[in-house]
Structures are given as structure tokens and as C-alpha cells.
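Shown next, in C-alpha cells, is the structure this report addresses.
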Amino acid sequence: MKKRIPTLLATMIASALYSHQGLAADLASQCMLGVPSYDRPLVKGDTNDLPVTINADNAKGNYPDDAVFTGNVDIMQGNSRLQADEVQLHQKQAEGQPEPVRTVDALGNVHYDDNQVILKGPKGWANLNTKDTNVWEGDYQMVGRQGRGKADLMKQRGENRYTILENGSFTSCLPGSDTWSVVGSEVIHDREEQVAEIWNARFKVGPVPIFYSPYLQLPVGDKRRSGFLIPNAKYTTKNYFEFYLPYYWNIAPNMDATITPHYMHRRGNIMWENEFRYLTQAGAGLMELDYLPSDKVYEDEHPKEGDKHRWLFYWQHSGVMDQVWRFNVDYTKVSDSSYFNDFDSKYGSSTDGYATQKFSVGYAVQNFDATVSTKQFQVFNDQNTSSYSAEPQLDVNYYHNDLGPFDTRIYGQAVHFVNTKDNMPEATRVHLEPTISLPLSNRWGSLNTEAKLMATHYQQTNLDWYNANNSKKLEDSVNRVMPQFKVDGKLVFERDMAMLAPGYTQTLEPRVQYLYVPYRDQSGIYNYDSSLLQSDYNGLFRDRTYGGLDRIASANQVTTGVTTRIYDDAAVERFNVSVGQIYYFTESRTGDDNIKWENDDKTGSLVWAGDTYWRISERWGLRSGVQYDTRLDSVATSSSSLEYRRDQDRLVQLNYRYASPEYIQATLPSYYSTAEQYKNGINQVGAVASWPIADRWSIVGAYYFDTNSSKPADQMLGLQYNSCCYAIRVGYERKLNGWDNDKQHAIYDNAIGFNIELRGLSSNYGLGTQEMLRSNILPYQSSM
């Protein structure tokens, strides 16, 4: 008798809500201790044609209609095994059918197992022709994975495509623990579509039902399916109780959406958070529209505005079409300047000063590219501060390298600047910048000689109000032509450190750059897009002091620097330190009296910068950097970070960050640099830590203290319990959320979050500490 005993899979939930990916090794191995494994040789491929072996104490039959096997019945085919006290085999010839219908009844202590499931029950039935199967009052346990439960009746239909449960349950908790379970009056699992439908779904904690839904459709397996995701809740001082219930919508293979009703008790309404993702021939993108119909807190604080709708729109797109066209969108806009102070969003924060709305279309072929873009800014400032937008901007590059020993490039730009205020200057700027360079290099050094010409034309309009209120007058039409000459040389010396550390290698890399740019008075040009560039060691060797084109500082300077690196015997960099300085032969000027240090007439060694990295061991790392600017009469910026990392869940990091008030005034827009909260600069010390404190318990925390204000700048503490069938996470965060100009003090928001994660519904067994650290307002960054 060669017939296949069909595979009996226990339940849709157990087979579908488990994944092998992303398991944390320690906990995963512990959780497998209570899970049975398949210990027979695994048979691969189609087992339909394999023989069926039946062993029993007794057998009798009425050939060809039926046969009865009793006493320790053991039936095997391929990976499947069926054991019972009694098995009845029936065969009946149906009218008009070439093959007889063969069915099996199993009675008493029914035990079925294969490489996927173990099932036990008092009674079972199977149709050997159609593979339809029924099992009554069965207990099931998944093999090699978490998942078990019960069902009054389990049915398999459609060549094992569908598993149907009547009064079925599922839990991923190990045997002996029923901390949580999901129960449904009927459950249909479609393996081909990887979707589960549950009627009268009840979620239980222990024996107590705490959630009910008349119908649920859950995505299962790796195939994207529509359905509800795990809800989340937290409590904050700005919104009180908050609850999230995300729903995932699989619209098409190339697009999907997540719709999240977000209830905020203090706001008295539900914010609808709608995320849409897509993939087209023109690229991939993401759109987010968050909408709050009304906000009673905002209405109380801004009574003149009435019932205000609050919203956020975000659009990010990046794509290439036909290998030559580039499309990019980076667009963020909100209903009001207080939006990110009142609502948490991954598309902005309370520390952001503005939102950007940028669109660009580019065309690129060999040696040539062109981009047309528009850029606008939404400034989050209640002082009605103006801002400039580029509407539109054209950037063109043409390269012709290996022209003999030379490389050449021509860069061109045309842009029209528009201000948000009617009385501010506006301009059209056209810039042309041809460059020729002579690059020379070998394995121990390089020398690059470069010359360029920077020609810029400004046509400025709407100057009446500005010229009437300022001593320096702007000009309607300005032409500025500035040549630039640069020589940049670098050497690399290498030595074996066999005497000190066998197998280690040290390099010494001196670098010298001379830069010359003649002075041109730019006081007749308004500053539309230039700001002081932040400098580290590599920044010392930049051509420009300012970003943008409105301020190009004169230069007659030599930049010198040296870097040393140490590599171990595996060519891993263990240590480096870089120190450099800029020596000015003449004062660097633009003619703009608004730039403070241009009135100091300083020359000599003015700017110093240093960076260092030390990988002390496999677990210890140190990074540090400092910039000193004599034009600011102070250390401009500095930062240090010392980290001990045992693994991704065990780390301690100490941090220090400093920015002088003079540096802030020089780099930030005036409406921020002059604000009260920045008058003393930034001087903060802090620490972040993550560590398991007991079996399955872990803690994560961050604390930053501002020594200028003698107040905490940011605090975060999280505690998590992790087990085989659930995880509980509780978090507290106190973060800076704005500035009260009337009372002249910082505004803080306190948040308490609570999250439960059901194991078996997620493939992640990790402690979640990295996510908690990186979600902080001062996010963790590794020093290793």
C-alpha cells in the first residue's frame, strides 16, 4: 500500500508568525530548550511516491473495502509519522471516478509528528486522495520553533494550502506558561497568500480576555499583507496619555501605506498619521501626511487663530531613470512653528530651526551634468524672521580630465533669490567657475596644483528699504571676478614598529597647502546664502571660509598639518592623531562689516584644529576633536567621547561637547545666535549606558548636563524585561522642548512610555537598547 499520510500543520498562527531572522543568541537558545526538535533523518523532495510503512499489534481487513489496525499502530511515510491505538482505513469506489476514495480514521491517543509540528488528540480523520484532514480537540506544538496551542477542530484543505481552526488558540510561551494567547472562533490561514483571517479574535493575558475584535486580518510570513501592527502607548506632559494603533495596507507590489490613528488625551482628538511608500521607474519615495483636525491646547494658547488644523507633510524621493535622469525631493512643511515642540515626529524635532522644501531634476552623462532645483525654507521662529528661497537654481558641471597632464572643469550656476518679506532685497546671481589642475601622485605622495577663475554677476532689486536703513548701500548691478591659485602637497612615510609592537606599522603624513585669493569688496552684495563653515582638521584644507557664493574671503595663507596613524598586523587602524593650522600672511576679508573679526586686522597663525581616534582595545575607543580660532579669541568647538562596548547591549559612553557663544553667533542665523539660550554657548557633559542588570532584565540611560546653565539638558531612562513569550519596556525621558522668551528659561517635556512586545509576533529577540539610545534627542553615536 503506497499512500501518503498528509502533513498536519497545527495552526496558521504558529507557522506564520515565526521567523528565523534576527534572534539574539543567548535568549533564543534558552527559549529553544522547551521546544522539541526533529531527530529523524530528514527526507527532502516529494514524498508522495514513498512507501507507507504500517506496524501494529493486530490487523484485519475486508479487501478491498477496509482494514483495521489495532494496538500500538505506527504509520510512517517520508517525514510523517502517525501513531494511535486504532486506525481504520476505508476505500470506496465513487461512481464516475477512476480512483477509489481512501480515508483514514485514527482513534485513541492519536499522535502525529513531522519536521514541522507535533499534534496530539483523541481522534483524527484524513482523505488520502484530496489530502483534506480533520483533527478533533488537538494540542499542537511546533517543531524547532516556538508556538503551540489547542483547537476543538483543525481542518486542512486545498492540498494543505488552507488551515482552518475552530475555537483555536496560539501562544509562543513555552510549555507550562500561558502568559498570553490569541483565541478565535474560526481562523483561516492561507499559506499561498500568507494571510490569516480571525473571527471573534480575543487576546488573553493568562485566562483573562483583554481585547476583542469581531474580525482581524493579519499579515503572516515574509509576504507583505495588510493588517494591524502592534499598538503602542506612552504618557507625556505635553500630550498626557497617547495611544497608537498602526494599520499596514499592502496596496500593490510597488506601493504600501501605514495608517496610524494617534490618540492624544490632552489635545482632545486623534491625529491621523499616514505614511505612503512607492517604487516607480522614476525612483523610490516616501510621503507622510499627519493631520490633527483640531487642537484644544493650541486653541487656548492662540485664541486669535481659532480652531486650527495642525498638520505635517513630508516627501522624500530619490531616483534615476534611463540612467541619465535624476529626480530628488526633500520636502518638509508643517502647519505652524510650534508643531515639532508639540508633537514627536521622525521627520523633525524641537531642536530644528527650519524645514526645507527642495525639488531637483538632474541630467548626467559622461563628463557633464546639469541640475534644476528650487529650495525654500520654513523658519520656526515667532519673530517673523525672513528667509530666502532659490526659485529656481541651475547648476552645470563639465569635466574634461586627462587633457595631457591636466584635468579641467567648468562649473556654472544661475539662481534667483526671493525673500519671504516684501521689503527685503532680491537678486538674480550668475556664476561661472572654470578650473584647471595638474595632479601628480605616486604611492608615497601627491601634489595637486590648481588655478580657477570665479566670475559672478548680481542683479539686485527691491533695495529701497534696506539702503534707507543701513549705512552700507547695496548696488543694483555688481560684477565680481576673483582668481584663485592653490598648491596642495602630501607625503606618506611608513615605518615598521617591530621594536615596540611586532607586526604594527606607523605612518607619518605631513601636508602643506598654499591658497591665494585676491581681495574683492563685497559690501555691495547682500548675503543670500553664505555662512561660516564649521572646521575640523580636514576643514582646514578647504578653499572657502564660507559656504555659498555671496561671501568669498580673500586668502594669502599656508595651511600645514600632520597626521600619524598606527595599524596592527591585520591592517586595522588602531590610532591616529591630526594637528593643523592656518597661517595668514594677510587678513582674510570680504568687505562685510557685519562679520566681526574682519575689523580686527589679524594675521599670523589664527586657526588651529586637531582630531584623534584611539581604538584602545576591542572594547575601548576614544574620539576627540578641538578647534581654536584666535579671531574668536577662544576655543571655537571641542568634543570628546570615550566608550566601552562589550557587545550591542553592553556599553558605556562618556561625552563632552562645547561650542563658544562667538562661534554660535558666527555660524547660526542671527535669530538663533542672538537668542537667550545661546548667549553663553554650549558646554555639556554627559553619559549614555546600556547594560543587562539581571537575568532577562536590562537598563538603558542617557544624561547630559549643561554646565553653563547648571541644569540637565537631556535625561532618558529605560527598563526592559525580555522573555521567551513577551517583552515589557518602560521608558522615561526629559528633554529640552523650546524656550520661554517671557520667563527666560528652557521648556522641558517629560515622557513616560510603555510597550509590550509579544514574542512569536516579532522575530527580534534583542533587548532593544540600541533603538532606545538612538531615538534620544541627543542620539547615541558609536566611538568605536
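Each residue, glycine too, has its Cβ placed from N, Cα and C.
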Practice task
Consult Swiss-Prot and report which candidate among CYS173, CYS724 shares a disulfide bond with CYS31.
Solution key: CYS724
Fill in the blank from the handout: Out of CYS31, CYS173, CYS724, CYS725, the listed disulfide-bonded residues, fewest other Cβ atoms within 10 Å surround the Cβ of CYS725
Fill in the blank from the handout: CA pair CYS31 (disulfide bond) / CYS725 (disulfide bond), Å rounded to integer, equals 9
Handout entry: Rounded Cα-Cα span from CYS173 (disulfide bond) to CYS724 (disulfide bond), Å
Key = 6
Completion exercise
DSSP says CYS724 (disulfide bond), in three-state terms, is coil
